[in-house]
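Structure record follows, encoded as structure tokens.
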Amino acid sequence: MATTAQQSPQPVAGKRKGKSQFLPAKRARRGDAGGPRQLEPGLQGILITCNMNERKCVEEAYSLLNEYGDDMYGPEKFIDKDQQPSGSEGEDDDAEAALKKEVGDIKASTEKRLRRFQSVESGANNVVFIRTLGIEPEKLVHHILQDMYKTKKKKTRVILRMLPISGTCKAFLEDMKKYAETFLEPWFKAPNKGTFQIVYKSRNNSHMNREEVIKELAGIVGSLNSENKVDLTNPEYTVVVEIIKAVCCLSVVKDYVLFRKYNLQEVVKSAKDSQPHPKLGNGKEAKLEPDSKLSQSDPPEGNQVAPESIEELGQTEPGSETQAGSEGDAKPEPESQVSEVPKTNENELS
């Protein structure tokens with residue numbers, strides 16, 4: 001009798017262990033199909049902020065990106081497993097060559113299964129990161145915003161901002177400096193030049209100093225070409241710095257002011273405004289191309305706040321900047337370089 005009483009709890013204990021073993025697997029579903037499962041150095045993609053509904057945000061992002069991705073790059077093509085590339089049987093004579101061929105076939109088949117857009121864990125609340133493959137995220141996002149600005153059609157509900165990320169690196173000052181020296185060359189290295197501003201946002205990171213990062217990046221831009229100048233009113237280029245935990249996301253975008261900090265909700269509102277937009281002037285319609293630049297003579301969209309001091313470029317600091325903090329609940333986003341547009345959106349989140 002005593003032995004049977006002692007054995008009865010064992011199946012119950014076994015079931016509990018079985019459940020705990022399967023729980024972590026549910027969190028790993030976002031980065032399937034052989035790709036990375038979380039934001040890490042060496043990725044390209046699109047950083048998207050939302051309003052407390054990440055699952056719905058991912059669904060909207062896939063729908064929107066696939067629609068415009070097919071328009072720009074054509075429909076996505078897939079290859080069945082039976083059609084995976086394979087070498088000739090004659091190469092299998094050597095064991096080492098056969099092993100290399102097998103590894104190459106596995107790698108090639110994995111690349112074929114990777115989707116054009118794949119959601120990965122961003123590491124911050126209300127933030128979604130969509131890894132991209134085989135496309136230029138900055139051109140795709142600009143095309144989306146340009147079309148929404150012209151058509152005045154609202155295509156998303158929970159997506160707020162959509163920022164292209166052209167490169168990622170480790171979020172340490174020395175790593176960022178080394179990476180940025182090469183990353184910024186296509187836009188700012190002579191003979192290329194232009195006016196610029198730097199916007200900075202940090203989430204779940206306490207070891208990076210905003211002032212140091214902006215100062216170092218501005219110095220790199222100035223060293224690439226002395227004719228690169230800071231313009232906080234209407235810059236040709238905006239250097240976007242998004243730090244999440246130990247990963248730094250970088251991009252250089254155009255029409256950042258016109259497209260309301262790349263906020264999809266605000267772009268539609270500004271396009272629906274019956275009055276002439278401040279950037280258009282005298283009621284003239286803005287003519288934007290995929291790689292267009294805003295005219296330097298356009299008036300400012302709002303009262304701009306000056307950034308930290310950039311001694312290399314002759315800028316001054318008013319000392320009134322708001323320190324970027326870690327990610328939390330839904331709050332308006334404090335950009336480091338550009339003040340809020342007079343008509344702000346209460347749903348614009350970090």
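For all residues, glycine too, the Cβ spot is worked out from N, Cα and C.
Per Swiss-Prot, compositional bias 'Polar residues' is recorded for 1-10. What Swiss-Prot lists as N-acetylalanine is A2, and the listing cites a large-scale study or a structure entry. As annotated by Swiss-Prot, phosphoserine applies to S8, S86, S88, S119, S270. Taken from Swiss-Prot, the feature domain 'THUMP' covers 147-254, and the record attributes it to sequence analysis. Here Swiss-Prot flags 270-292 as compositional bias 'Basic and acidic residues'.
Here the Cα atom of S270 (phosphoserine) is found 29 Å from that of S119 (phosphoserine). The Cβ of S270 has fewer other Cβ atoms within 10 Å than any other of the modified residues S119, S270.
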